[in-house]
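Asker: Pasting a structure below so you can have a look.
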Amino acid sequence: MSEQNSKVTDAAADALKPNNFLRTIIERDLEQGLGGERRWAGQPGDAAAHAAAPLDAAKIRTRFPPEPNGYLHIGHAKSICLNFGLARDYGGECHLRFDDTNPEKEEQEYVDAIKEMVAWLGWRWDVKQDHSTGSNLYYASNYFDFMYRAAEYLIEAGLAYVDEQTPEDMRANRGDFTTPGTNSPFRDRTPAENLARFREMRDGTHADGAMVLRAKIDMASPNINMRDPALYRIRRAHHHNTGDKWCIYPMYTYAHPIEDALERITHSICTLEFEDQRPFYDWLLARLAEGGLLAQPLPHQYEFGRLNLSYVVTSKRKLRQLVEEGHVQSWDDPRMPTLVGMRRRGYTPQSIRAMVESTGVTKQNAWIDYSVLDGCLRADLEGQAPRAMAVIEPLKLKLTNYAEVFGSLEHRDPCSAPAHPHHAELGQRSFSFGPELWIEREDFLEVPVKGYQRLFPGNKVRLKAGHVVECTGCEKNEAGAITAVLATVVPDTKSGTPGADAIKVKGVITWVAAHEAVPVEFRLYDRLFTVPQPGAGEADFLTEINPQSLRITQGFVEPSLKSVSPEARFQFERHGYFVADRVDHRAEAPVFNKITGLRDGWGK
Ligand code: ATP
Ligand code: MG
């Protein structure tokens with residue numbers, strides 16, 4: 001990531017200062033001292049590990065805790081920017097923690113992809129407040145030993161028991177919102193019996209699912225999450241980090257608070273659906289602190305509303321379905337709201353950060369209109385993307401008096417235009433004029449409609465940064481389709497020469513000379529869904545896929561784009577913003593993706 005990138009975004013974030021109740025909480029906490037002295041041993045650890053350590057140089061600690069079971073999407077960008085952004089703004093540190101406590105479906109491939117995308121967004125997990133080296137990259141599976149020890153402690157303290165009820169009985173005995181639960185017949189076993197059973201669970205004596213370890217809290221609690229939640233289950237599965245060491249794995253609701261506490265997180269920020277888990281989060285940490293296992297002050301959980309983007313789905317299950325059933329080509333298909341997909345589509349990290357930062361943080365699950373993202377992209381690229389001419393649906397334009405005007409058909413008339421209209425320092429683009437040019441098919445009509453100012457027989461237009469031409473007719477094939485437009489050059493009308501304005505024309509069109517046009521593939525992307533909230537109500541989201549979400553054309557770009565790098569972005573005059581595809585683009589076979597148009601034309 002470049003220095004400059006982060007400056008642009010920081011300035012944008014400051015200017016907007018959107019509603020963010022978490023800032024208020026953090027400022028209050030910092031004023032009040034965060035509940036006591038907070039020591040930090042330089043790495044995660046239990047109470048003993050932190051006890052003799054110096055005071056934490058980081059004023060706050062936040063974390064982004066993805067489960068490495070899929071690719072990050074635009075919703076995750078919200079959480080990433082929030083956690084890393086708050087740490088940056090308040091002199092803190094943000095941990096990148098892989099929440100890899102679930103052995104199934106977790107893979108190294110996802111770990112690598114997640115790290116790459118967090119870095120691409122411009123965030124670093126290795127910047128420390130005390131300037132020490134090292135990184136805040138952590139894996140929850142490294143805490144399995146502690147989690148196991150904590151479970152034994154809870155058993156010994158009479159706060160947990162092994163339950164051998166069948167899953168059906170367990171469900172039935174949980175009660176519901178109106179009925180309190182019923183105590184398990186195994187609830188009153190002695191700590192010694194529970195400890196023995198739990199060790200058998202660990203040692204592989206019992207079958208998968210035969211029993212679970214549960215917290216002993218209150219089966220009549222109005223909060224169902226407090227009715228003796230499960231802490232450990234038996235699951236014989238290979239884990240990507242710990243291999244076959246364990247056949248019992250902690251439940252997410254047990255593991256997550258412990259991960260936060262070992263890492264000395266101060267503000268554990270999560271999405272709203274975890275609100276009902278907060279009482280258990282607090283209960284568990286308070287018990288383990290009382291037992292001397294975890295250091296005070298303990299982390300606190302705060303919930304915020306998820307980000308939902310219109311015309312997009314962000315459920316991992318649905319995204320997987322789109323890929324696996326072939327509705328899109330891959331996880332990084334430029335129509336996907338995955339960060340890899342959005343990157344390939346051409347969205348800049350700055351535009352994504354500006355979008356999520358401008359939408360604030362609230363207690364409601366917000367729907368953000370997709371046009372907000374496109375607006376952020378245009379705002380980012382408008383001032384910096386080089387301009388170029390491209391012909392997306394080509395039609396040949398033949399200049400029938402070329403040899404008379406220029407002396408010979410072989411003559412090439414040099415033309416130029418600024419790379420950016422407001423940034424002279426970006427230099428000039430050079431190209432040339434010749435007897436045959438490519439123009440857009442839509443720039444010619446044999447019979448003009450009212451108000452049409454482009455090419456039709458008898459009309460004059462300016463070829464941008466070139467000459468004025470007068471249309472004289474067209475050529476057709478046997479089927480009657482137009483194969484070329486015919487025109488004559490109006491002498492002494494070259495852009496930038498004294499005579500250029502002598503002839504007034506209403507239309508200006510873009511073009512590329514056939515002799516030097518670079519053939520390219522254009523991938524014209526549009527929204528993947530036709531409705532703002534795919535799958536809402538009864539609808540099957542798959543039936544709401546936009547059949548026109550991808551159109552491919554073979555066209556041309558001007559010669560200045562002959563050898564651009566993948567991910568180079570341009571504004572193609574009048575067409576919009578494009579990027580050289582980071583996967584398929586080759587100098588000898590260029591591919592440009594349409595990111596978005598010049599203005600919001602969707603639905604109009
Ligand atoms: P899963 O259903 O697999 O748990 P998830 O979207 O919660 O999916 P995680 O990898 O657990 O995926 O998410 C990492 C973090 O990103 C979590 O803290 C989660 O709350 C946050 N997050 C996920 N989706 C959004 C969203 N749409 N808006 C804001 N934060 C989100
Ligand atoms: Mg999750």
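Cβ coordinates come from backbone N, Cα and C, glycine included.
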Asker: Among THR101, THR271, which residue shares the ATP site with GLU67, PRO68, ASN69, HIS73, ILE74, GLY75, HIS76, ALA77, LYS78, SER79, ARG306, LEU307 according to TrEMBL?
Answerer: THR271
Asker: Which residue range, 66-76, 176-186, 418-428, is the one TrEMBL calls motif ''HIGH' region'?
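Answerer: TrEMBL lists motif ''HIGH' region' for residues 66-76.
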Asker: Which range is it, out of 133-137, 273-277, 313-317, 358-362, that shows up in TrEMBL as motif ''KMSKS' region'?
Answerer: 313-317
Asker: Per DSSP, what is the residue count of the motif ''HIGH' region' (66-76) in each of helix, strand and coil?
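Answerer: Split into helix, strand and coil, the motif ''HIGH' region' (66-76) gives 3 helix, 1 strand, 7 coil.
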Asker: ASP99, TYR252: which of these binding-site residues has the sparsest Cβ neighbourhood within 10 Å?
Answerer: TYR252
Asker: What are the DSSP helix/strand/coil residue counts across the motif ''KMSKS' region' (313-317)?
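Answerer: So the motif ''KMSKS' region' (313-317) is made up of 2 helix, 0 strand, 3 coil.
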Asker: Would you mind pulling the DSSP three-state label for TYR252 (L-glutamine binding site)?
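Answerer: The residue in question, TYR252 (L-glutamine binding site), is helix (DSSP, three-state).
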